[in-house]
Amino acid sequence: MLSPPRTVVRREGGLYALERALQRRGFRHVAGADEAGRGACAGPLVAAAAILPEGKRGEIDELADSKLLTAAARERVYAEVVARALAWSVVIIPPAEVDGRGLHVCNLAAMRRALASLTTRPEYVLTDGFPVDGLGAPGLAVWKGDRVAACVAAASVLAKVTRDRLMVELDGRFPDYGFAVHKGYITDEHSAALTRHGPCAEHRFSYVNVAAVSGRGNRPPRARRPANLPADTAEPLMLWPAVEGTVGVASGEQPRPPVPVGEDEAMEGEKR
């Protein structure tokens, strides 16, 4: 039996080339997923997913990898994504869960939960860097996907803006650390504050630099250790108003039947 023809999409084709190729193959609802906060030693891990509409309505001015945009541009793009997306969702993983379950497990669980929360069911899924299984749809992990796929770039902006807003709020609760400036990532100022004050409840005690100054090794304070909650339980941390989307906190992985997802082939049309 012959395999369906494969379409190779080159990176220089632009931000919308991959989605347009998938849509031409019949996958109208292409979802992208990305995260923000993997490298931070304080604050939550945030994942987001988005499905942009076909055609001109899905083309958003200034849309790009969130790391390449100014804060003001990210806010503008965020508003456009929220207004135009067919569906979008954001999942927030608190630092206690990152410590308790591990960064990579939380990262995959958050992207899986974000995709599962979309009110429009994806027909194809693009993820930034990491393959995510158990989605019930064909998909592809794209290296630097937030620079080559519009839906992944949209998800990266949703995740980054949500996380930055949360870090500004945390700065009001923990003013000694400068969270509003560095957003929980390591800088000289953040390192100095950690040495001077020790970590706060929003730091990730499983990170070496935090454990080194905590006096507790990598053990977080008892009061903020994650509870052993059922896998399908969601416990709110901080919620931002949702507009045509959902925002929540994943306190565990939502069990779903495992469906293998393509990892590194630049192709469309095959459910793996």
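Cβ coordinates come from backbone N, Cα and C, glycine included.
For the divalent metal cation site, TrEMBL lists ASP34, GLU35; matching the candidates ASP61, ASP65, ASP99, ASP128 against that entry yields ASP128.
For GLU35 (divalent metal cation binding site), applying a Cβ distance below 8 Å and a minimum sequence separation of six or more within one chain yields LEU45, VAL46, ALA47, ALA48, ASN107, ALA110, MET111, ASP128, ALA159. Apart from ASP34, GLU35, ASP128, the residues listed for divalent metal cation, the same chain places the Cβ atoms of ALA33, ALA36, ALA47, ALA48, MET111, THR127, GLY129, GLY145, ASP146, VAL152, ALA155, SER156, ALA159 within 8 Å of the centroid of those Cβ atoms. Just so you know, of the binding-site residues ASP34, ASP128, the Cβ with the fewest other Cβ atoms around it within 10 Å is the one at ASP128.
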